[in-house]
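Novice: A single structure is presented below for examination.
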Amino acid sequence: MATEAASTSGAAGAGGGGGSWVEGMSADNIKGLVLALSSSFFIGASFIVKKKGLKKAGASGVRAGVGGYSYLYEPLWWAGMITMIVGEVANFAAYAFAPAILVTPLGALSIIISAVLADIMLKEKLHIFGILGCALCVVGSTTIVLHAPQEREIESVAEVWDLATEPAFLFYAAIVLAATFVLIFRFIPQYGQTHIMVYIGVCSLVGSLSVMSVKALGIALKLTFSGMNQLIYPQTWMFTIFVVACIITQMNYLNKALDTFNTAVVSPIYYTMFTSLTILASVIMFKDWDRQNPTQIVTEMCGFVTILSGTFLLHKTKDMVDDGYAAEGIPLRSATEGLPLRSPRAAE
(Lines of atoms letter the chains of each structure in order from A and count residues from 1; the text may use other names and numbers.)
(Lines give C-alpha, C1' and ligand atoms only; values in the text may rest on other atoms or scores of the structure.)
Protein backbone atom coordinates (compact mmCIF):
# COMPACT_ATOMS: atom_id res chain seq x y z
CA MET A 1 0.00 0.00 0.00
CA ALA A 2 2.84 2.40 0.85
CA THR A 3 4.48 1.70 -2.51
CA GLU A 4 1.23 2.35 -4.35
CA ALA A 5 0.73 5.60 -2.47
CA ALA A 6 4.25 6.77 -3.28
CA SER A 7 3.78 5.87 -6.92
CA THR A 8 0.47 7.71 -7.06
CA SER A 9 2.00 10.74 -5.37
CA GLY A 10 4.89 10.79 -7.83
CA ALA A 11 2.57 10.47 -10.82
CA ALA A 12 0.40 13.29 -9.51
CA GLY A 13 3.43 15.52 -9.09
CA ALA A 14 4.53 14.83 -12.64
CA GLY A 15 1.10 15.38 -14.06
CA GLY A 16 0.76 18.70 -12.31
CA GLY A 17 4.13 19.89 -13.51
CA GLY A 18 5.17 20.81 -9.96
CA GLY A 19 7.07 17.67 -8.93
CA SER A 20 10.72 17.05 -9.62
CA TRP A 21 11.89 14.72 -12.37
CA VAL A 22 13.01 12.05 -9.89
CA GLU A 23 9.71 12.15 -8.00
CA GLY A 24 7.83 11.78 -11.26
CA MET A 25 9.75 8.73 -12.48
CA SER A 26 7.73 5.56 -12.52
CA ALA A 27 9.17 2.06 -12.22
CA ASP A 28 8.82 1.67 -16.00
CA ASN A 29 10.74 4.89 -16.62
CA ILE A 30 13.57 3.67 -14.40
CA LYS A 31 13.71 0.38 -16.31
CA GLY A 32 13.84 2.32 -19.55
CA LEU A 33 16.62 4.51 -18.18
CA VAL A 34 18.80 1.54 -17.18
CA LEU A 35 18.23 -0.21 -20.51
CA ALA A 36 19.05 2.97 -22.45
CA LEU A 37 22.32 3.47 -20.57
CA SER A 38 23.34 -0.15 -21.21
CA SER A 39 22.47 0.30 -24.86
CA SER A 40 24.77 3.30 -25.16
CA PHE A 41 27.77 1.33 -23.90
CA PHE A 42 27.28 -1.43 -26.48
CA ILE A 43 26.49 0.91 -29.39
CA GLY A 44 29.43 3.19 -28.62
CA ALA A 45 31.83 0.24 -28.72
CA SER A 46 30.22 -1.17 -31.87
CA PHE A 47 31.12 1.93 -33.91
CA ILE A 48 34.81 1.29 -33.30
CA VAL A 49 34.73 -2.47 -33.89
CA LYS A 50 32.76 -2.03 -37.12
CA LYS A 51 35.13 0.70 -38.31
CA LYS A 52 38.13 -1.60 -37.77
CA GLY A 53 36.31 -4.31 -39.72
CA LEU A 54 35.51 -1.89 -42.55
CA LYS A 55 39.14 -0.77 -42.75
CA LYS A 56 40.38 -4.35 -42.81
CA ALA A 57 37.85 -5.33 -45.48
CA GLY A 58 38.66 -2.25 -47.57
CA ALA A 59 42.33 -3.19 -47.62
CA SER A 60 41.58 -6.38 -49.53
CA GLY A 61 38.37 -5.59 -51.40
CA VAL A 62 36.03 -2.84 -52.60
CA ARG A 63 35.37 -0.30 -49.85
CA ALA A 64 31.84 0.23 -48.54
CA GLY A 65 32.17 3.96 -49.19
CA VAL A 66 32.23 3.36 -52.95
CA GLY A 67 29.54 0.70 -53.04
CA GLY A 68 31.44 -2.43 -52.02
CA TYR A 69 30.17 -5.12 -49.67
CA SER A 70 33.38 -7.01 -48.92
CA TYR A 71 32.89 -6.17 -45.23
CA LEU A 72 30.19 -8.86 -45.13
CA TYR A 73 33.01 -11.43 -45.24
CA GLU A 74 34.96 -9.78 -42.42
CA PRO A 75 34.50 -11.42 -38.94
CA LEU A 76 35.52 -8.22 -37.15
CA TRP A 77 32.71 -6.29 -38.84
CA TRP A 78 30.23 -8.97 -37.78
CA ALA A 79 31.56 -8.73 -34.20
CA GLY A 80 30.77 -5.02 -34.31
CA MET A 81 27.36 -5.72 -35.79
CA ILE A 82 26.55 -8.23 -33.03
CA THR A 83 27.64 -5.68 -30.42
CA MET A 84 25.39 -3.10 -32.04
CA ILE A 85 22.49 -5.56 -32.16
CA VAL A 86 22.84 -6.20 -28.43
CA GLY A 87 22.77 -2.46 -27.84
CA GLU A 88 19.79 -2.00 -30.14
CA VAL A 89 17.89 -4.80 -28.40
CA ALA A 90 18.43 -3.03 -25.07
CA ASN A 91 17.35 0.22 -26.73
CA PHE A 92 14.31 -1.51 -28.20
CA ALA A 93 13.28 -2.69 -24.74
CA ALA A 94 13.84 0.79 -23.31
CA TYR A 95 11.32 2.30 -25.72
CA ALA A 96 8.69 -0.14 -24.49
CA PHE A 97 9.00 1.26 -20.96
CA ALA A 98 9.84 4.96 -21.34
CA PRO A 99 8.98 7.81 -23.75
CA ALA A 100 11.29 8.47 -26.70
CA ILE A 101 12.05 11.95 -25.40
CA LEU A 102 13.68 10.30 -22.36
CA VAL A 103 15.36 7.31 -24.03
CA THR A 104 16.80 8.82 -27.20
CA PRO A 105 18.97 11.64 -25.72
CA LEU A 106 20.77 9.11 -23.51
CA GLY A 107 22.59 8.00 -26.64
CA ALA A 108 24.98 10.87 -25.81
CA LEU A 109 26.92 8.39 -23.72
CA SER A 110 27.77 6.42 -26.85
CA ILE A 111 29.52 9.52 -28.24
CA ILE A 112 31.90 9.63 -25.28
CA ILE A 113 32.63 5.90 -25.56
CA SER A 114 33.19 6.13 -29.33
CA ALA A 115 35.48 9.15 -29.01
CA VAL A 116 37.61 7.54 -26.30
CA LEU A 117 37.90 4.20 -28.10
CA ALA A 118 38.57 5.92 -31.44
CA ASP A 119 41.48 7.76 -29.86
CA ILE A 120 42.87 4.56 -28.33
CA MET A 121 42.18 2.00 -31.05
CA LEU A 122 41.97 4.02 -34.28
CA LYS A 123 44.35 6.87 -33.43
CA GLU A 124 41.71 9.39 -34.50
CA LYS A 125 42.40 12.58 -32.54
CA LEU A 126 39.55 14.86 -31.53
CA HIS A 127 40.16 18.61 -31.77
CA ILE A 128 39.46 20.67 -28.63
CA PHE A 129 36.45 22.29 -30.30
CA GLY A 130 35.17 18.83 -31.19
CA ILE A 131 35.37 17.89 -27.52
CA LEU A 132 33.47 21.05 -26.61
CA GLY A 133 30.87 20.24 -29.28
CA CYS A 134 30.37 16.76 -27.82
CA ALA A 135 30.06 18.29 -24.34
CA LEU A 136 27.37 20.69 -25.55
CA CYS A 137 25.47 17.79 -27.11
CA VAL A 138 25.59 15.96 -23.77
CA VAL A 139 24.49 19.05 -21.81
CA GLY A 140 21.60 19.70 -24.18
CA SER A 141 20.51 16.07 -24.04
CA THR A 142 20.70 16.04 -20.24
CA THR A 143 18.50 19.14 -20.10
CA ILE A 144 15.88 17.39 -22.22
CA VAL A 145 16.05 14.21 -20.15
CA LEU A 146 15.61 16.08 -16.87
CA HIS A 147 12.37 17.61 -18.11
CA ALA A 148 11.02 14.65 -20.07
CA PRO A 149 7.30 13.84 -19.76
CA GLN A 150 5.86 10.65 -18.34
CA GLU A 151 5.09 7.78 -20.69
CA ARG A 152 1.68 7.90 -22.36
CA GLU A 153 -0.66 5.12 -21.26
CA ILE A 154 -1.23 2.78 -24.23
CA GLU A 155 -3.67 -0.13 -24.01
CA SER A 156 -3.30 -1.68 -27.48
CA VAL A 157 -1.24 -1.47 -30.65
CA ALA A 158 -4.36 -0.26 -32.44
CA GLU A 159 -4.18 2.88 -30.31
CA VAL A 160 -0.63 3.49 -31.50
CA TRP A 161 -1.76 2.97 -35.09
CA ASP A 162 -4.44 5.63 -34.59
CA LEU A 163 -1.76 8.05 -33.38
CA ALA A 164 0.45 7.21 -36.37
CA THR A 165 -2.34 7.85 -38.88
CA GLU A 166 -3.36 11.26 -37.58
CA PRO A 167 -2.89 14.08 -40.15
CA ALA A 168 -0.02 15.79 -38.30
CA PHE A 169 2.18 12.70 -38.16
CA LEU A 170 1.27 11.60 -41.69
CA PHE A 171 2.42 15.04 -42.89
CA TYR A 172 5.71 14.66 -41.01
CA ALA A 173 6.23 11.13 -42.37
CA ALA A 174 5.56 12.34 -45.93
CA ILE A 175 8.17 15.11 -45.59
CA VAL A 176 10.73 12.67 -44.15
CA LEU A 177 10.22 10.09 -46.90
CA ALA A 178 10.35 12.74 -49.64
CA ALA A 179 13.59 14.21 -48.22
CA THR A 180 15.08 10.71 -47.93
CA PHE A 181 14.39 9.86 -51.56
CA VAL A 182 15.81 13.20 -52.72
CA LEU A 183 19.01 12.59 -50.74
CA ILE A 184 19.39 9.01 -52.01
CA PHE A 185 18.70 9.62 -55.69
CA ARG A 186 19.80 13.25 -56.14
CA PHE A 187 22.54 14.13 -53.66
CA ILE A 188 24.32 10.89 -52.72
CA PRO A 189 25.61 10.17 -56.26
CA GLN A 190 27.18 13.65 -56.42
CA TYR A 191 28.06 14.57 -52.85
CA GLY A 192 28.11 11.34 -50.84
CA GLN A 193 31.92 11.11 -50.86
CA THR A 194 32.54 14.76 -49.92
CA HIS A 195 29.66 15.91 -47.69
CA ILE A 196 29.18 14.04 -44.43
CA MET A 197 25.62 15.31 -43.93
CA VAL A 198 24.29 13.42 -46.95
CA TYR A 199 24.75 9.88 -45.59
CA ILE A 200 23.96 10.91 -42.02
CA GLY A 201 20.88 12.79 -43.20
CA VAL A 202 19.40 9.60 -44.65
CA CYS A 203 20.20 7.62 -41.48
CA SER A 204 18.68 10.27 -39.21
CA LEU A 205 15.52 10.88 -41.21
CA VAL A 206 14.75 7.19 -41.58
CA GLY A 207 15.77 6.63 -37.97
CA SER A 208 13.15 9.02 -36.62
CA LEU A 209 10.42 6.93 -38.27
CA SER A 210 12.02 3.64 -37.26
CA VAL A 211 12.04 4.66 -33.58
CA MET A 212 8.30 5.36 -33.69
CA SER A 213 7.75 1.92 -35.22
CA VAL A 214 10.15 0.30 -32.73
CA LYS A 215 8.26 1.93 -29.87
CA ALA A 216 4.94 0.67 -31.29
CA LEU A 217 6.34 -2.85 -31.67
CA GLY A 218 7.88 -2.73 -28.20
CA ILE A 219 4.55 -1.70 -26.68
CA ALA A 220 2.84 -4.52 -28.57
CA LEU A 221 5.29 -7.11 -27.20
CA LYS A 222 5.13 -5.66 -23.70
CA LEU A 223 1.32 -5.92 -23.70
CA THR A 224 1.51 -9.41 -25.19
CA PHE A 225 3.85 -10.64 -22.44
CA SER A 226 1.53 -9.11 -19.84
CA GLY A 227 -1.37 -11.22 -21.10
CA MET A 228 -2.99 -8.99 -23.75
CA ASN A 229 -2.08 -10.64 -27.06
CA GLN A 230 -1.27 -7.98 -29.69
CA LEU A 231 0.05 -10.41 -32.30
CA ILE A 232 -3.47 -10.92 -33.61
CA TYR A 233 -3.59 -7.33 -34.85
CA PRO A 234 -2.35 -6.66 -38.42
CA GLN A 235 -0.94 -3.32 -37.21
CA THR A 236 1.68 -5.19 -35.18
CA TRP A 237 3.03 -6.91 -38.27
CA MET A 238 2.88 -3.71 -40.34
CA PHE A 239 5.02 -1.96 -37.74
CA THR A 240 7.39 -4.95 -37.80
CA ILE A 241 7.86 -4.77 -41.58
CA PHE A 242 8.47 -1.04 -41.40
CA VAL A 243 11.05 -1.50 -38.63
CA VAL A 244 13.00 -4.06 -40.68
CA ALA A 245 12.98 -1.86 -43.80
CA CYS A 246 14.13 1.21 -41.87
CA ILE A 247 16.92 -0.61 -40.02
CA ILE A 248 18.32 -2.11 -43.24
CA THR A 249 18.37 1.37 -44.82
CA GLN A 250 20.01 2.92 -41.77
CA MET A 251 22.72 0.26 -41.57
CA ASN A 252 23.56 0.54 -45.26
CA TYR A 253 24.14 4.29 -45.22
CA LEU A 254 25.72 4.33 -41.77
CA ASN A 255 28.33 1.84 -43.05
CA LYS A 256 29.04 4.16 -45.98
CA ALA A 257 29.43 7.14 -43.63
CA LEU A 258 31.76 5.24 -41.28
CA ASP A 259 33.91 3.98 -44.14
CA THR A 260 34.16 7.40 -45.81
CA PHE A 261 34.51 9.77 -42.87
CA ASN A 262 36.18 9.87 -39.46
CA THR A 263 34.36 7.97 -36.70
CA ALA A 264 34.87 10.78 -34.18
CA VAL A 265 32.90 13.09 -36.49
CA VAL A 266 30.27 10.61 -37.73
CA SER A 267 29.20 9.43 -34.29
CA PRO A 268 28.33 12.78 -32.64
CA ILE A 269 26.75 14.36 -35.73
CA TYR A 270 24.64 11.28 -36.35
CA TYR A 271 23.61 11.27 -32.70
CA THR A 272 22.65 14.95 -32.76
CA MET A 273 20.53 14.76 -35.92
CA PHE A 274 18.96 11.44 -35.01
CA THR A 275 18.06 12.62 -31.49
CA SER A 276 16.56 15.91 -32.65
CA LEU A 277 14.43 14.32 -35.36
CA THR A 278 13.31 11.46 -33.13
CA ILE A 279 12.19 13.82 -30.36
CA LEU A 280 10.34 15.91 -32.94
CA ALA A 281 8.60 12.80 -34.29
CA SER A 282 7.66 11.72 -30.76
CA VAL A 283 6.27 15.16 -29.94
CA ILE A 284 4.09 15.05 -33.06
CA MET A 285 2.94 11.43 -32.78
CA PHE A 286 2.60 10.93 -29.01
CA LYS A 287 1.85 14.61 -28.21
CA ASP A 288 4.43 14.66 -25.41
CA TRP A 289 4.21 18.44 -24.98
CA ASP A 290 0.46 18.29 -24.36
CA ARG A 291 1.28 16.83 -20.93
CA GLN A 292 3.80 19.55 -19.99
CA ASN A 293 3.66 23.15 -18.84
CA PRO A 294 5.25 26.05 -20.79
CA THR A 295 8.31 26.18 -18.51
CA GLN A 296 9.19 22.54 -19.21
CA ILE A 297 8.71 23.01 -22.95
CA VAL A 298 10.91 26.13 -23.04
CA THR A 299 13.60 24.30 -21.05
CA GLU A 300 13.53 21.43 -23.53
CA MET A 301 13.81 23.93 -26.40
CA CYS A 302 16.92 25.34 -24.71
CA GLY A 303 18.26 21.79 -24.74
CA PHE A 304 17.65 21.64 -28.49
CA VAL A 305 19.55 24.92 -29.00
CA THR A 306 22.46 23.57 -26.97
CA ILE A 307 22.57 20.43 -29.12
CA LEU A 308 22.53 22.54 -32.28
CA SER A 309 25.43 24.59 -30.88
CA GLY A 310 27.37 21.37 -30.42
CA THR A 311 26.68 20.44 -34.03
CA PHE A 312 28.00 23.83 -35.19
CA LEU A 313 31.25 23.33 -33.29
CA LEU A 314 31.66 19.84 -34.77
CA HIS A 315 31.37 21.36 -38.25
CA LYS A 316 33.89 24.05 -37.35
CA THR A 317 36.26 21.27 -36.32
CA LYS A 318 35.86 19.75 -39.77
CA ASP A 319 36.46 23.12 -41.45
CA MET A 320 39.62 23.71 -39.42
CA VAL A 321 40.96 20.34 -40.57
CA ASP A 322 40.00 21.06 -44.16
CA ASP A 323 41.82 24.39 -44.01
CA GLY A 324 45.10 22.86 -42.90
CA TYR A 325 44.89 22.16 -39.17
CA ALA A 326 44.84 18.39 -39.52
CA ALA A 327 47.80 17.97 -37.20
CA GLU A 328 45.68 18.76 -34.16
CA GLY A 329 42.16 18.08 -35.38
CA ILE A 330 40.01 15.36 -36.86
CA PRO A 331 40.52 14.36 -40.48
CA LEU A 332 37.17 14.53 -42.22
CA ARG A 333 38.14 11.46 -44.24
CA SER A 334 39.72 8.22 -43.12
CA ALA A 335 43.51 8.40 -43.13
CA THR A 336 43.73 4.98 -44.81
CA GLU A 337 42.28 6.35 -48.05
CA GLY A 338 45.46 8.27 -48.86
CA LEU A 339 43.36 11.20 -50.12
CA PRO A 340 44.31 14.85 -49.59
CA LEU A 341 42.49 16.50 -46.70
CA ARG A 342 41.04 19.33 -48.75
CA SER A 343 37.57 20.79 -48.81
CA PRO A 344 35.49 21.02 -52.01
CA ARG A 345 36.03 24.79 -51.83
CA ALA A 346 39.78 24.33 -51.93
CA ALA A 347 39.49 22.06 -54.94
CA GLU A 348 37.64 24.76 -56.80
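Cβ atoms here come from the backbone N, Cα and C positions, even for glycine.
The transmembrane segment annotation in TrEMBL covers 30-49, 69-86, 92-117, 129-149, 169-189, 196-220, 232-253, 265-285, 297-314.
Structural setting of the listed features?
Specialist: Sequence-distant neighbours of the transmembrane segment (169-189) (same chain, 6+ residues past either end, Cβ-Cβ under 8 Å): 163, 195, 198-199, 201-202, 205-206, 208-209, 212, 277, 280-281, 284-285.
Cβ atoms under 8 Å from those of the transmembrane segment (232-253) belong to residues 88, 156-158, 160-161, 199-200, 202-203, 206-207, 209-210, 213-214, 216-217, 220 of the same chain, restricted to positions at least 6 beyond its ends.
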Novice: When each of 69-86, 129-149, 196-220, 297-314 is checked against the transmembrane segment (92-117) for Cβ pairs under 8 Å, which one has the most?
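Specialist: If we count Cβ pairs closer than 8 Å to the transmembrane segment (92-117), 129-149 scores highest.
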Novice: For the transmembrane segment (129-149), which recorded stretch in the set 30-49, 69-86, 196-220, 265-285, 297-314 gives the largest number of Cβ pairs separated by under 8 Å?
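Specialist: Most contacts with the transmembrane segment (129-149): 297-314.
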Novice: Report, as numbers and ranges, which residues of the same chain sit near the transmembrane segment (69-86): CB under 8 Å and 6 or more residues beyond its ends.
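Specialist: Cβ under 8 Å, 6 or more out: 42-43, 45-54, 56-58, 60-63, 255, 259.
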